[in-house]
Structure formats: C-alpha cells, structure tokens
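Engineer: What follows is a structure written as structure tokens; I'll ask about it next.
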Amino acid sequence: MSDPWQECMDHCVEVTNKAGQMIREALQKDIAVMQKSSPVDLVTETDQKVEQLIISSIKEKYPAHSFIGEESVAAGAPSVLTDNPTWIIDPIDGTTNFVHRYCLSRGFIEFGIVYSCIEDKMYTARKGKGAFCNGDPIKVSGQEDISQSMVLTEMNFHKDPGHFKTMMANIENILTIPVHGIRSPGSAAVNMCLVACGAADAYYHMGIHCWDMAGGAAVVTEAGGVIMDTSGGPFDLMSRRLIVASSRAIAQRVAKEITEFPVGRDDTDG
Ligand code: LIP
C-alpha cells in the first residue's frame, strides 16, 4: 500500500544526504560570515545554498506543499503554520559551530530528520514508528532522578540584561539541585537527539525557533522522551521555547527550577 508520508521522508533523507555533502565540502574552504539581526546572529552562503537545495528539490516533487525555512524567513518569507503540509527547514542548525568549524553536526510533525553530518549520524523518526540513528533504534535513558542527570542548555547573547540574568540564574538553579552536569553542544537539534539516544537526560531552551525544534522534537518524542513548554504546559512548536527530557518527572522538575523570560512567537512576532 502506498504511504505518502514515507515517500516524503525517504525523499527528505536523500536530499539531507546531499546537503550534508555540501556542508562537509564547504568546511574545507574559506567561510564568509554575514550578520543577520545582531553580531551573534550569523549566516553563511552555505546556509543559504543548502536551504535552496532542500526547498527546490522538495518543491519539484511536492509543488503544493508549504515551507518555513530559517533563511527564507530571514529574507522576509512568512513563518506561519497552516493546515497545508509544511516542511520546516533549518539548513545548518548551529551556524556558529559551522563558522568556527566546531562541528558535531528537520513537521504536527509527521516525521523529523536531523543529520549531524560531520559525525555522519542521521537521526530519523516517523510518527508512531520509533526513532533511529543510522537505522538503529534509539531510546531515551528513562532516568527519573534529576540528581543523576546530565542537562543540556545553550547560553546565548540577550540584549535585555534582565533576560541575561535570568538565563544565568536558571543555570545556577539547575546546577545546584545538584545535577551531574550541564553541557552546551551548540545545536538545538543535536541536543534533542542526545536526549533521544540517552546521552543526556534533559534539554531546555528559550529563544530558539520552530526550525531549530521541529526535527529534533519528532526524534525525541518517538524515542520515548517527554516534550513540554518551559511553563510546564503543552509543547507549542511556534512558542520559541521547550523542555525535553527522559521522563515526565525530570521535565517537570526543570520547569519548576527555571524562570521564563519573554521571547515572542515565531508566528506573530516575526
Ligand atoms: C542555533 C541553535 C543553537 C542556539 C542558537 C541558534 P542556528 O540555530 O540551534 O542551539 O543556541 O540560538 O538558534 O541559528 O544556527 O540555526
């Protein structure tokens, strides 16, 4: 029986492999860096070319589908989810890592693909069918005790000093629970996959975008993880914030320890 979503996913895996090749080749050359909204919001020609490659290849096969792509939105395209099948694309999640060659390493979400192309780890997940890394099944650690856990978050520049203080205080609150440690690998998508395969037990972040979250959210959910809003309420893909964890107990404890600061929404505050 034909399975349209599986065909979409297979096509996406093929394009993702080509994108990975493009990124690996670009790492061998000079990288010209451009700024977007601030000196720490970076983009390169490779981000733009990879997004064009992915969108043009998918559009050719699925002309009626919609797209939300990080670099297209930066260039003025809308970032609004409708009922039309929508591909949410982050060409390089961790552009700062890419620029520094610090490289470890895509909606409801029918399937998600995250390719950590330097490690050659392709994480895939299909709604209701499990999560995989290079074809092998993965699952979260199942850890329920936060004091035995490894937590991931990212430290970003915030113009508002109050937001900055809150971000640092949140880190202090988590570290002094205590937990085994906090790590910042530099890619939201990879962070979710690290929780999905049990290498970390929680990840929280405020201020990221739907293209940073969509692929990894599918992977971690299918790996048995819990995903929620930083308020402790249900996860909202356009909310720019999330907690993922190996268990509900850990996700709820992280939500209790962190204070939120306003980050706006992808669909209304662009
Ligand atoms: C990046 C995220 C990273 C986060 C940055 C940024 P980009 O994505 O994955 O974890 O700290 O704020 O959003 O912009 O490189 O695709």
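Positions of Cβ are set from backbone N, Cα and C atoms, glycine also.
So TrEMBL has the following annotated:
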- Glu70, Ile92, Asp212: Mg(2+) 1 binding site (BINDING)
- Asp90, Asp93: Mg(2+) 2 binding site (BINDING)
Engineer: In angstrom units, rounded to an integer, how far apart are the Cα atoms of Asp90 (Mg(2+) 2 binding site) and Glu70 (Mg(2+) 1 binding site)?
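Structural biologist: Cα to Cα, Asp90 (Mg(2+) 2 binding site) and Glu70 (Mg(2+) 1 binding site) are separated by 5 Å.
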Engineer: If you count the other Cβ atoms within 10 Å of each Cβ, which of the binding-site residues Ile92, Asp212 comes out on top?
Structural biologist: Ile92
Engineer: In angstrom units, rounded to an integer, how far apart are the Cα atoms of Asp212 (Mg(2+) 1 binding site) and Asp93 (Mg(2+) 2 binding site)?
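Structural biologist: Given the Cα positions, Asp212 (Mg(2+) 1 binding site) is 6 Å from Asp93 (Mg(2+) 2 binding site).
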Engineer: Near Glu70 (Mg(2+) 1 binding site), which residues of its chain come within a Cβ-Cβ distance under 8 Å, counting only those 6 or more away in sequence?
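Structural biologist: Those within reach of Glu70 (Mg(2+) 1 binding site), by Cβ under 8 Å and sequence separation of 6 or more, are Asp47, Glu51, Ile89, Asp90, Pro91, His209, Trp211.
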Engineer: For the recorded Mg(2+) 1 site, whose residues are Glu70, Ile92, Asp212, find every other residue on that chain with a C-beta no more than 8 angstroms from the centre of their C-beta atoms, and list them by sequence position.
Structural biologist: Asp47, Ile89, Asp90, Pro91, Asp93, Gly94, Thr95, Ala189, His209, Trp211
